Amino acid sequence: MQEKSSKKILFTIVATCVLILIAYGIRQFVLNDTKKYYYQSGKVFGTFYHLSYESEVDHQDAIDSLFVFFDFSLSTYNKNSIISKVNANKDVKLDDYFIHVFNESMRCSKETGGAFDITVTPLVDAWGFGSGEKYEHLEQEIIDSLMQYVGLDKVKLKDGKIIKANPKIQFNVNAIAKGYGVDVIADYLEEQGVKNYLVEIGGEIRALGENRKHHTWRTAINQPIDDSTQMNNDLQDEIVLMSSGGMATSGNYRNFYIKDGQKFSHTINPKTGYPVSHNLLSATVCMPTCLEADALATAFMVLGLEDGKALAEKLQVPVYFIYEQDGKNLVYMSEDFKERIQK
């Protein structure tokens, strides 16, 4: 009798567990059935963006608003933005976007030995890559005079205010604006409970989870094309698998000019005041956030191949470098980046 009672209790427990599992499965099916993939694209920060995310609701209006707030904080093209007012030495209340970018820029500058610097605007302008004054003949004396306005060691954030050693110091965060913009949207989506998304702004990317086909997100590293000849090289585009984190690429092969037979790149070394002249063509970096990846990719383009490899190894950063040697484009990949390449 006692044995029958025990079997009955065991059967009841098992049946209850099965019913709970069935109910949970039905609930998950219903929840998943209400979700779908949304796609959004457009123009922002002077480039194009593309979003793909799985959600129960469309977040387009909220995302559009975030772009507006971001632009109002960090766009140097908006004369009423916070960064424009800081550059004009006007009294302005700093917002979270500006403070975060400033602090991260300071951290990355220290981490890279000053290779990353958001105060290089006077040099960028002087060499003809900005919107400010360009010099037709740049003598060493002119570069030396401009260098007094360059360097994050000449600025600090104190009591919510930017303190400059010289009022002519200017900030320009274009090197990381796209990466940080990606993070702002990605963080918002995660706050809304989105577990599958890909955010891309001007080639800078952050992803989480899977695409609509339940595959890991796939992104491409485009191989350099020399715009002066419009000819590609023997390298094929690499496909990178991304299930979490950010990826950014910086390169010298598109934005340059040739004068008197010499090629001048848009990447300016903040330590020397001159455009870089090494053989590194592009640097792709993977990091937990796209801002970090964007900043480091810029820094590696300043440092060049060998110093870039040394720093990447020191920081244990996954990198993919394309460089020119003997007229051919070659690739250096760190071991931890190789794991991300689609076989």
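Counting starts with 1 at the first residue shown.
Every residue gets a Cβ built from N, Cα and C, even glycine.
A TrEMBL annotation is a machine prediction, not a hand-curated record.
Summarising the annotation, TrEMBL assigns Mg(2+) binding site to A175, D294, T298. In the three-state DSSP scheme, T298 (Mg(2+) binding site) is classed as helix.
If you draw a 10 Å sphere around the CB of D294 (Mg(2+) binding site), it holds 33 other CB atoms from the protein chains shown. Take the mean position of the Cβ atoms of A175, D294, T298, the recorded Mg(2+) site; other residues of that chain with a Cβ within 8 Å of it are F116, N174, I176, G179, A248, S250, A295, L296, A297, A299. Long-range Cβ neighbours of T298 (Mg(2+) binding site) (same chain, at least 6 residues apart, Cβ-Cβ under 8 Å): F116, A175, I176, S250, T267.
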